[in-house]
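In what follows, a single structure is set out as structure tokens and then discussed.
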Amino acid sequence: MTIKKLILVRHGESEWNKENRFTGWADVDLSEKGRVEAQQAGNLLKKKGFSFDFAYTSVLRRATNTLSLILDVLQQQNLPIEKSWRLNERHYGALQGLNKSETAAKFGSEQVKQWRRGFSTLPPALNLNDPRAPANDSLYATLNKNDLPLTESLATTVDRVVPYWDEVVKPRIIDGKRVIIVAHGNSIRALVKYVDHLSEEEIMEINIPTAVPLVYEFNSSLQPINHYYLGNAEEITQKVAAVAAQGKA
């Protein structure tokens with residue numbers, strides 16, 4: 001049986017991750033720690049002998065810069081890259097920019113957990129005139145404004161990620177191409193839920209650490225047969241726990 005592989009990487013720590021703020025579609029850059037994390041991810045992939053034919057990422061620079069740093073380490077700077085807003089982080093609506101712990105202190109940790117991890121729970125929406133609304137961002141000027149969210153749940157994030165997976169990424173993997181996706185915690189969670197057929201309750205407990213390569217192995221029909229993180233297991237466990245704790249007061 002021929003095993004096909006996919007690498008998923010959440011971007012390295014961003015400036016707003018460092019400040020424990022809801023980031024969503026805000027286009028913040030990597031922190032210095034995040035740049036180091038991205039290079040470490042590249043080193044892990046290089047050590048394990050990975051190289052790629054195609055790369056996919058979002059249009060947000062914390063993801064695109066993570067990918068660039070990884071490809072620098074792999075000496076694959078000329079790899080074909082496709083950027084899509086459909087791989088963007090989930091849009092956190094009016095929560096975008098707020099500190100997660102302060103928001104938990106105000107609204108309660110359980111409410112914030114529902115906003116962060118509930119499958120269908122929508123955070124409060126932005127007003128269309130809010131400067132944070134994607135329709136007011138030149139980055140999305142060529143897109144239909146009706147496609148651009150004012151808030152998103154994980155369910156609506158799945159709705160935009162899955163067609164991109166089915167129509168763009170999946171055919172390349174079936175064709176035998178080696179693919180890496182560098183995206184965001186929730187766009188990766190959306191993909192993991194779909195690929196692994198997880199329930200709404202199961203995905204609520206899944207947390208994706210920054211810049212740790214997640215390897216998926218598939219059979220020839222692209223059914224998942226295994227997945228695992230690259231790196232030190234204890235360190236990865238600590239990083240996952242840190243992500244889970246972000247929404248606590």
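Placed from the backbone N, Cα and C atoms, the Cβ positions cover glycine too.
Annotated features in Swiss-Prot:
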| type | residues | note |
| --- | --- | --- |
| BINDING | 10-17, 23-24, Arg62, 89-92, Lys100, 116-117, 185-186 | substrate binding site |
| ACT_SITE | His11 | active site, tele-phosphohistidine intermediate |
| ACT_SITE | Glu89 | active site, proton donor/acceptor |
| SITE | His184 | site 'Transition state stabilizer' |
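In terms of Cα spacing, the recorded positions Lys100, His184, Gly185 that come within 10 Å of the residue listed as 'active site, proton donor/acceptor' are His184, Gly185.
In three-state terms derived from DSSP, Trp16 (substrate binding site) belongs to a helical segment.
Around the Cβ of Gly24 (substrate binding site), 26 further Cβ atoms fall within 10 Å across all displayed protein chains. Around His184 (site 'Transition state stabilizer'), taking its Cβ as the centre, 26 other Cβ atoms fall within 10 Å, counting all chains.
Looking only at Cα atoms, His11 (active site, tele-phosphohistidine intermediate) sits nearest to Gly185 among the binding-site residues Gly24, Arg90, Lys100, Gly185. Comparing the binding-site residues Arg10, Lys100 by how many other C-beta atoms lie within 10 angstroms of each C-beta, the top residue is Arg10. Counting only the Cα atoms, the space from Arg90 (substrate binding site) to His184 (site 'Transition state stabilizer') is about 8 angstrom. Ranking the binding-site residues Trp16, Arg90, Gly185 by C-beta neighbours within 10 Å puts Arg90 at the top. Put simply, His184 (site 'Transition state stabilizer') is 9 Å from Gly24 (substrate binding site) when counted between their Cα atoms. Other Cβ atoms within 10 Å of the Cβ of His11 (active site, tele-phosphohistidine intermediate) number 32 in total over all chains.
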